[in-house]
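Taken straight from TrEMBL:
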TRANSMEM  B:21-45  transmembrane segment
TRANSMEM  B:264-291  transmembrane segment
DOMAIN    B:271-386  domain 'ABC3 transporter permease C-terminal'
TRANSMEM  B:311-339  transmembrane segment
TRANSMEM  B:359-379  transmembrane segment
TRANSMEM  B:399-416  transmembrane segment
TRANSMEM  B:436-457  transmembrane segment
TRANSMEM  B:485-505  transmembrane segment
TRANSMEM  B:722-745  transmembrane segment
DOMAIN    B:724-839  domain 'ABC3 transporter permease C-terminal'
TRANSMEM  B:775-799  transmembrane segment
TRANSMEM  B:819-841  transmembrane segment
Amino acid sequence: MTLLTLESVSRTYGEVKALDGVDLTVAAGELVAVMGPSGSGKSTLLNLAGGLDRPSSGTVAVAGEDLARVRDLAALRRRSVGYVFQELNLIHSLTAVENVMLPRELDGVAARQARQEALAVLDEVGLREQAEAFPDELSGGQRQRVAIARALVGERRLVLADEPTGALDTATGDEILTLLRARADAGAAVLLVTHEPRYAAWADRVIFLRDGRIVDASLLESAR
Amino acid sequence: MRAVLRLAWRDIRRAKGRSALIMAMIGLPVLVVSALLTGYATVLVSPREGVETSMGRADAIVRPSSVHGPVEQHPLSAMAFHLGLGNQPPEPWRPEEVAALLPPGHRALPYQVGTAEVRLPGGFETLDAVEVDLRDPLTDGMRTLVEGRLPAAAGEVAVTEAVLDLGVRLGDTVPVTRHARPATVVGVVEHPQRPTADEIVSLPGLLLLRPQKGEDLGFLVDTPAPVTWPEVQRLNRSGLGVLSRAVIMDPPDETSRSGYAPGYALGSALAVFMVVLEVVLLAGPAFTVGLRRRRDELATIAAQGASKRHLRMIVLADGLLLGGLGAIAGGLLGVVLALVGTPFVARLGTPLGPPEVPWAQVLAVVALGLVSGVCAAIAPAVQVGRESRSARRKAGKPVLGVVLIGLGLAATVLILQGDAIFGFGSWEWRALTDVLVVAASVVVVLGVIALMPWLVVRSGRAARRLPMVLRLPVRDASRHRVRTASAAAAVMAVTAAALAFAIGYQSNHRGNLANYRAGAPLGMMMVNGQHGVTTWERVRAEAEARLPGVGLVPGMVALDAEDRVITFSMPRTCSAGCKSYGWHGEELPMGDAALLRLFQGRDDPAAAAALSEGKAVIFDSGVIIDNGTITLNGYYRYDAIPDPVRVTLPAVRATAADPAQGGAVLPAAAVAAASGLKVAEARLYGMHVPADELRLERDLMAAGSADLFVEHGYPDPMAGQLWILFGSSLVVVLGGTLIATRLAAADWRQEQATMAAIGAGAGTHRGMLAGQAGFIALLGSVAGMFVGGVAGAALAISLTAKRSGSFELPETTTFVVPWGFTVAMVLGLPLLAALIAGVFTRRPRPALTRRAT
Ligand SMILES: Nc1ncnc2c1ncn2[C@@H]1O[C@H](COP(=O)(O)OP(=O)(O)O)[C@@H](O)[C@H]1O
Ligand SMILES: [Mg+2]
């Protein structure tokens with residue numbers, strides 16, 4: 001099942017073409033890595049896929065729904081899309097479990113149930129013990145795992161990760177990748193931005209962006 | 001240090017808006033206080049400054065008391081009070097008696113002051129009346145002649161400009177006093193220090209009619225030697241009150257100890273303290289923002305080798321400069337405003353002394369402003385010192401706060417029990433207890449301020465159980481505990497002060513109400529013919545024409561051989577603890593069963609029967625009926641009568657219409673029989689509150705000299721002040737809360753981006769800010785409620801004790817909580833703050849679309 005479809009998507013910022021006619025599909029169970037030099041449009045791609053931004057032209061569909069026709073994009077993000085950023089991604093005044101509960105609570109789920117779901121996901125990412133800790137009491141890797149847990153909670157099928165390992169050391173980065181891989185294997189579609197080639201190895205598919213265009217993916221495919 | 005100051009100065013100029021805001025926050029209170037101080041000093045005519053106008057060239061003013069017996073007085077006032085219970089009927093003094101007590105070789109010039117009624121084109125006016133021969137050189141400097149000449153004969157008067165404005169012209173003949181004596185206006189005089197005074201001056205014997213009461217009889221005295229304080233005290237023992245030039249110029253030591261002067265000083269100190277406190281609490285967070293803005297810059301400076309101490313200095317220099325500039329500007333502006341403004345204020349009727357700037361006090365206030373600026377900068381500066389992340393969530397130990405609260409509470413108890421424990425028993429102490437109670441509460445307030453960061457962190461932890469919309473703002477607020485705690489503390493201090501005042505005031509008012517004895521049922525009016533029967537028919541006709549359908553019941557008065565109205569009052573067997581009579585309660589009504597029914601509000605056949613049998617019907621349970629009889633004192637309202645009238649009547653008790661009503665109804669025929677006086681109708685009673693009392697009274701007066709009295713119950717002149725209090729609290733609470741919320745919004749911006757990515761809408765953003773504002777205000781107001789409740793209770797106890805006039809603590813204290821006010825303060829204001837913060841917020845920026853890479 002295709003969870004994310006981009007059809008000739010472009011996004012321009014004034015003169016700058018951040019994305020230029022990108023076609024991309026990500027299916028359930030797939031981990032797709034997006035690579036490319038800085039300024040090539042990776043973040044723009046992720047923002048469009050998550051509905052944080054709208055394309056200048058072309059269509060973006062999540063789980064078969066055309067985002068141009070979705071009126072409440074925030075609700076779509078709460079229910080279907082999970083985001084993981086490189087940094088600044090936890091609410092500092094909330095505990096780990098409360099951060100994970102947040103999307104569910106925003107969606108109107110009762111606090112008690114949201115907490116249970118959140119604890120279950122934290123368990124999955126191996127942070128059950130740290131559930132009541134505040135972000136600044138956690139290590140960088142732990143924080144990123146909390147962010148991933150938050151992106152997963154509530155059975156969200158599309159996970160968008162923008163350089164989730166950027167600020168982490170190698171071992172911790174591997175841990176995070178393992179988690180994302182496991183999630184993809186469990187049936188989610190994962191779109192991962194990274195500029196570290198070694199993580200590309202975890203992906204089912206790698207696409208390469210340059211100046212807003214997808215460079216021939218098969219080249220890389222063969223390079224593998 | 002110069003580098004540090006230069007840096008701060010640059011920053012101030014760069015962030016003009018913020019700097020102006022902080023300067024205004026510091027400067028405004030300084031402006032207000034220094035303007036008040038300057039204005040007060042200018043307007044205030046100190047006894048020393050006023051000595052010329054009050055006694056001219058004389059050495060002393062001598063005022064005999066109403067009773068020949070020892071009196072007590074304040075060194076700076078000729079008003080003297082009896083020692084012991086003043087139950088004796090007043091005995092008029094003869095001038096020779098006074099002269100005999102004064103040192104040999106003196107010269108005494110009769111000098112009396114009081115009020116007099118004058119019939120002017122616009123109706124009756126009550127003017128300040130002075131009876132003295134202004135031509136006597138002894139009076140030099142008391143009044144200046146502006147036009148015409150000074151009164152030189154019995155029927156002549158001089159008036160002030162203000163009286164001319166009422167429609168009098170030089171050369172007019174106006175009727176003065178209730179006897180309508182003709183007086184010719186021969187001159188215009190001016191009071192040098194009260195330009196707007198309504199004054200009328202004549203030779204002795206024209207304007208003032210009640211010398212027997214003592215307060216209106218007096219002399220300007222020229223003595224061979226200055227009248228010293230021991231000499232004043234010697235005269236006091238004989239019953240004379242003395243205001244002496246020598247004592248004014250060099251007051252004895254006890255001057256400052258007696259009276260309310262220390263209370264006043266302490267009170268204003270407290271006011272200044274509150275202002276400074278609010279400045280620190282409100283400006284502090286503003287400094288914090290500036291600091292955060294400058295963090296990068298500070299980091300650069302640190303990288304160049306500045307120590308933490310240097311960094312702190314930079315931030316402190318900020319406070320020093322802003323505080324200094326704000327305070328100096330505020331102080332100067334305040335002084336200028338006051339000096340320019342006071343002549344205008346004096347036009348409104350206050351006195352006007354020489355322009356005077358109390359530099360020491362103004363400087364002290366400016367210094368306070370500066371200090372509060374520095375204090376406000378300190379908190380953020382300390383923060384710079386320890387920027388460790390994990391320290392943030394630690395609540396710390398609330399030791400200081402708890403200790404201060406404990407000290408404050410202990411002091412409160414000690415002050416209230418002070419008499420009992422230490423035997424402070426003195427009026428000076430009593431006069432001070434309420435101020436001391438407030439001072440002790442200030443210590444409690446400081447304790448709660450010290451406790452506030454801990455409270456903020458605790459409530460952040462407790463927020464775990466709250467639903468998300470509330471948890472998020474509470475957690476965020478408690479994470480930024482400096483910002484939150486200082487705003488909440490500002491709200492707390494204001495709420496506490498407002499509530500303490502409201503509770504103390506309401507309790508005191510309720511107590512006064514309970515002590516109040518009305519002379520008639522609430523809403524009763526009385527028309528009183530002043531001259532007995534002579535003009536009564538006309539007054540009555542006018543009253544009936546003006547008050548159709550009111551159901552007026554006639555009342556009788558007793559008249560002596562010269563047709564003067566003799567009114568009766570019941571003997572008062574109490575002194576300090578006496579219930580106060582309102583209205584004409586001391587002038588008892590006389591009449592038949594219909595009048596009794598009006599006063600009782602119902603038919604009481606037993607009382608009516610007693611009245612018709614010639615018994616007085618007594619409502620006041622405090623009046624002692626001795627052996628079934630009561631003795632009444634009769635007097636003439638406007639003059640002394642040679643032989644006092646006393647009447648003994650059989651009496652019964654009955655219940656009046658209102659529980660708070662005292663007084664009695666007298667049987668007219670029996671009074672006549674027992675006293676040998678005539679009785680005649682000269683009053684009308686009715687249950688009616690006229691729409692325009694002043695006008696009705698003037699019309700009745702014009703018809704033939706009559707007074708109008710209406711029983712309004714115990715007056716509550718301060719009710720409006722509660723609203724002023726509420727209004728100013730509102731400003732501070734909203735100001736403080738919203739400033740803190742703005743800071744929160746700025747801090748929240750980054751996390752808001754994350755929130756949006758997770759799928760939070762604009763509603764969450766509003767809820768977040770509304771929640772912050774509500775939390776800060778609620779935390780402050782609830783804490784303030786406790787502090788204010790305790791302080792208010794202590795105040796109520798202290799005021800009750802003062803009211804009851806005893807040295808002991810009262811057994812039962814009137815304690816009234818103004819619930820509406822409390823709920824408005826404690827719940828209403830936080831809700832309002834939340835609402836405003838939620839509604840007037842900028843739309844959140846769109847979710848982040850750009851990342852660093
Ligand atoms: N909000 C924006 N406004 C203007 N230009 C933008 C914005 N977001 C991205 N761009 C531009 O679009 C291009 C692609 O940016 P981005 O998607 O962040 O690249 P990447 O994540 O691959 O480094 C860059 O040239 C960037 O400057
Ligand atoms: Mg990027």
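Placed from the backbone N, Cα and C atoms, the Cβ positions cover glycine too.
Where the transmembrane segment (B:485-505) meets the stretches B:359-379, B:399-416, B:722-745, B:775-799, B:819-841, the count of C-beta pairs under 8 angstroms peaks at B:775-799. Each residue of the domain 'ABC3 transporter permease C-terminal' (B:724-839) gets a DSSP state, and the totals for helix, strand and coil are 99 helix, 0 strand, 17 coil. Across the candidate stretches B:21-45, B:359-379, B:722-745, B:775-799, the maximum count of CB pairs under 8 A to the transmembrane segment (B:819-841) is reached by B:722-745.
Same-chain residues lying 6 or more positions outside the transmembrane segment (B:775-799) and placing a CB less than 8 Å from one of its CB atoms are 409, 412, 415-416, 433-434, 437-438, 440-441, 444-445, 448, 452, 455-456, 459, 473-474, 477, 484, 487-504, 507-508, 511, 733, 736-737, 740-741, 809-810, 813-817, 822, 825-827, 829-830, 833-834. Over the domain 'ABC3 transporter permease C-terminal' (B:724-839) the predicted model carries a mean pLDDT of 81.
Counting Cβ pairs under 8 Å to the transmembrane segment (B:359-379), the top-ranked stretch among B:21-45, B:399-416, B:436-457, B:722-745 is B:21-45.
The list of residues near the transmembrane segment (B:722-745) in space but at least 6 beyond its ends in sequence, with Cβ under 8 angstroms from a Cβ of it, reads 278, 281-282, 285-286, 288-289, 473, 476-477, 480, 483-484, 486-487, 490-491, 494-495, 497-498, 501-502, 505, 769, 772-773, 776-777, 780-781, 818, 821, 824-825, 829-830, 832-833, 836-837, 841-842.
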